[in-house]
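Feature annotations, courtesy of Swiss-Prot:
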BINDING   K93, E113, D114, I115, I116, T117, T118, G119, G120, S121  5-phospho-alpha-D-ribose 1-diphosphate binding site
BINDING   T117, R145  orotate binding site
Amino acid sequence: MNLEQIYKDCGAYLEGHFLLSSGKHSQFYLQSAKVLEDPKLAAKLCDELAKIIASYKIEFDSICSPALGGILAGYELARACSKRFIFTERVNKEMTLRRGFEVKKGEKFIICEDIITTGGSALESAKIIESLGGIIVGFAALANRGFCAVENLKSPRKDNAKLPENLPLFTLGNFEFEIYDETNCPLCKKGSKAIKPGSRGN
């Protein structure tokens, strides 16, 4: 499966000057919503991701995703795995579990995102699940931006990665883009202003 080509064909592989959720800057951005707007394609991708997870014989009860980006991927993965799905969301900049969702003590979860960059949002969701008595057994995403180690791709962990080293991450592919702090961003130095994806229709 050529994940990069799928993103390009869907108009989801964007080039410009972007402010990522991590606060870093990048010349490229992956708009997974453009990929997941096609239900058949979303099902195909998450069916494949479910097969990868199953091949590692990871036992889990439920899937949790951080809103908003992770919801479609997480829901489709839960469907493919015949598991329950819940999501966390930000309220006043703090990740929370709302809407009557509950976590049973000892319930095993995979945290699913659309894209994993450093893994910060996924880790926030994981900490909420653990605080309620749940157990995190792994992480999953359609794609990894090259910072976190990916179990099924045998890709190494880099310094910016925030996901725990003792838990596996499963993805369909790696996109290795450079990301920059604002202070050393070459695009900023050229006078360009970073745009938060979604703020201008992207």
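Numbers run from 1 along the shown chain.
Every residue, even glycine, has its Cβ placed from backbone N, Cα and C.
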Subject >> Number of other Cβ atoms within 10 Å of the Cβ of I116 (5-phospho-alpha-D-ribose 1-diphosphate binding site) across all protein chains >> reply: 29
Original post:
When you measure from the Cβ of G120 (5-phospho-alpha-D-ribose 1-diphosphate binding site), how many other Cβ atoms are you left with inside 10 Å?
Top reply: 19
**OP:** According to DSSP, folded down to helix, strand and coil, what is G120 (5-phospho-alpha-D-ribose 1-diphosphate binding site)?
**Re:** helix
Original post:
Cα-Cα separation of G120 (5-phospho-alpha-D-ribose 1-diphosphate binding site) and R145 (orotate binding site), in Å?
Top reply: 13
Original post:
Hey, which of the binding-site residues T117, T118 is the loneliest by Cβ count within 10 Å?
Top reply: T118
**OP:** Counting Cβ neighbours within 10 Å across all chains shown, tell me which of the binding-site residues K93, R145 comes out on top.
**Re:** R145
Original post:
Near D114 (5-phospho-alpha-D-ribose 1-diphosphate binding site), how many other Cβ atoms are within 10 Å of its Cβ?
Top reply: 23
Subject >> Reduced DSSP assignment, R145 (orotate binding site) >> reply: coil
**OP:** Fill in the CA-CA distance, R145 (orotate binding site) to T118 (5-phospho-alpha-D-ribose 1-diphosphate binding site), as an integer in Å.
**Re:** 8
